[in-house]
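A.B. asks: Got these off TrEMBL a minute ago, pasting:
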| type | residues | note |
| --- | --- | --- |
| DOMAIN | 1-255 | domain 'Heme-copper oxidase subunit III family profile' |
| TRANSMEM | 7-28 | transmembrane segment |
| TRANSMEM | 34-54 | transmembrane segment |
| TRANSMEM | 75-98 | transmembrane segment |
| TRANSMEM | 123-143 | transmembrane segment |
| TRANSMEM | 155-173 | transmembrane segment |
| TRANSMEM | 185-211 | transmembrane segment |
| TRANSMEM | 232-253 | transmembrane segment |
Amino acid sequence: MFHNFHILSLSSYAFNLFFASAGMLSSLVMFFKFGLYELFIFTLFSVLFISFAWGKDIAMEGLSGYHNFFVMDGFKFGVILFVFSEFMFFFCIFWTFFDAALVPVHELGETWSPFGMHLVNPFGVPLLNTIILLSSGVTVTWAHHSLLSNKSCTNSMILTCLLAAYFTGIQVMEYMEASFSIADGVFGSIFYLSTGFHGIHVLCGGLFLAFNFLRLLKNHFNYNHHLGLEFAILYWHFVDVVWLFLFVFVYWWSY
């Protein structure tokens, strides 16, 4: 029977990725409680390897002609739902932040931010990270425009991936030098929850861009067929916008 859909074959990727992700989250508990990082590193690389293998198979399906226009419409709808779910996730985090900041309770001293806590200067490392992320947004848009113009976008993609890695390194340094932890009251919890999850999204987005850069080097994309790269670019712009709200409210307004 003829139809316009791609019927997937049996695959263990989802099963394996689920248990690898659950193992990685469990290993974080071991890391924070006992300082055992070996299991976390093993499970992290397991997640990355399975994700890469799964992505490679999806790319091969596209190159084999299975991803027609109907299938690609399904991909687009799925990515829109995914980005919306991410939007709602950060919306909940900001809801928690404003609930604590705008109406501080008696236990917080009825003020925001807490007395005696040395906060991160927003015009230091956070401002540098803002410049880095905005610059990466410019370079990834440059890469997309170059590809649409049937020109090489290798240099701009390399620069985007380097900026993503640079942002992650700077944020790790910020955490190491911070004078407060996630256990220091409501502000510490919200600060590390919001910026930490954003950092994870930056890491995932950078890996997504790097994966598509490898596909670009293998000539998987052309000027009118580069859906995977467009998804990575959309996700990266979403990460940029979230950071602007984090910088303005969590860093600057709370300082």
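Cβ atoms here come from the backbone N, Cα and C positions, even for glycine.
From a predicted model like this one, the values you see are computed outputs, not experimental measurements.
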A.B. asks: Quickly jot the same-chain residues contacting the transmembrane segment (34-54) by Cβ under 8 Å, restricted to those at least six beyond its ends, or write none.
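C.D. replies: The answer is 11, 13, 16-17, 20-21, 23-24, 27-28, 207, 211.
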A.B. asks: Given the transmembrane segment (123-143), which of the listed stretches 75-98, 155-173, 232-253 has the most Cβ pairs that are under 8 Å apart from it?
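C.D. replies: Per the Cβ under 8 Å count, 155-173.
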A.B. asks: On average, what pLDDT score does this prediction assign to the domain 'Heme-copper oxidase subunit III family profile' (1-255)?
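C.D. replies: The average pLDDT of the model in the domain 'Heme-copper oxidase subunit III family profile' (1-255) works out to 89.
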A.B. asks: Taking the transmembrane segment (232-253) as the reference, which of 75-98, 155-173, 185-211 gives the largest number of Cβ pairs under 8 angstroms?
C.D. replies: 185-211
